[in-house]
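The structure under discussion appears below in the form of structure tokens.
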Amino acid sequence: MLFLGSHVAMKKPHNFQGSIQTAISYGANALMVYSGAPQNTIRSKTEELKIKEALKIAQNNNLSLNNLVGHAPYIINLANPDKTKRAFAIDFLSQELERFAAMKINKMVLHPGNYLKTNPQEGISLIAQSLDLIFAKTKHLKTQISLETMAGKGTEIGKRLEELQQIRTLVKNKTRVSFCLDTCHLFDAGYDLKENLEEIIQKIDSILGFQNVSVIHINDSKNECNSHKDRHENIGFGKIGFETLLKIIYHRAFVCIPKILETPYINEKEPYKHEIEMIKTKNFNPELKNLF
């Protein structure tokens, strides 16, 4: 069965209840939310999120809890060599895991971090150490952190599959570390999904293990392979292309994994209902952008 949805906003006054209702209106049976704005660490109290109401609506619409995905804010950097800033990140992510657990979300996607003025290996080590501390603080939880593949901008860690696996290898509680594949990021990092898809999928299995992939972000790319730009494009309008993305979405290796669209708004409007329909029908609509 296809589990497909998109990022959905969580806004007051309806909060998580509104997110679930929005996803259902898109024809989705999966979704991803931030517990607040992705650009900051300001968060509402958990009791204000309308969790009970949200979960009832999800249940009534056959939206499985296993297909609900959380995402940590972009500004968190577990590879930061500054001890004070890293300590803040550890505390905040521990609180985020508590919030998502209260929302019955069992996986939180995380951009691994930027090594800044150190080096990749030092960054990888700091991320693993930080994850150990986070899991120790939240040992009563089972919520996973899903490390995302990155495009390789600046000093990002995660542009190579091996870097993500190194982090998991170093972490003590490996059951709480999984992986999020982002199609745009993989392509921009140099994995040519269009020309070498099956070879790359086999690499994913041999390096990360299919069983450790918990989320897939489905995005086209505005830029060529190996550009390290990380600029998402609407499905079928970028350099990866509709047919290649369909092959990934429907690939037998990923059949049980929730796929999440993070494509850009068109004229400030969400395209997700239409993109989900294109994917379900396997029929690309070249006029999509003219609908808004």
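Positions of Cβ are set from backbone N, Cα and C atoms, glycine also.
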Using only what Swiss-Prot says about Zn(2+) 3 binding by ASP230, HIS232, identify which of HIS185, HIS251, HIS274 is listed for that site too.
HIS185
Among GLU148, GLU162, GLU163, which is the one Swiss-Prot gives for the Zn(2+) 1 site where HIS71, HIS111 also bind?
GLU148
Shortest C-alpha distance to GLU262 (Zn(2+) 2 binding site) - which of the binding-site residues HIS71, GLU148, HIS232:
HIS232
Taking Cα atoms as reference points, which of the binding-site residues HIS71, ASP182, HIS217 is nearest to ASP230 (Zn(2+) 3 binding site)?
ASP182
I want to verify one value. Collapsing DSSP to three states, which class is HIS217 (Zn(2+) 2 binding site)?
strand
Determine, from DSSP, whether HIS185 (Zn(2+) 3 binding site) sits in helix, strand or coil.
helix
Taking 10 A as the limit, how many CB atoms besides its own sit near the CB of ASP182 (Zn(2+) 2 binding site)?
26
Taking the centroid of the Cβ atoms of HIS71, HIS111, GLU148 (Zn(2+) 1 site), which other same-chain residues have Cβ within 8 Å of it?
ALA72, TYR74, VAL109, LEU110, SER146, LEU147, CYS180
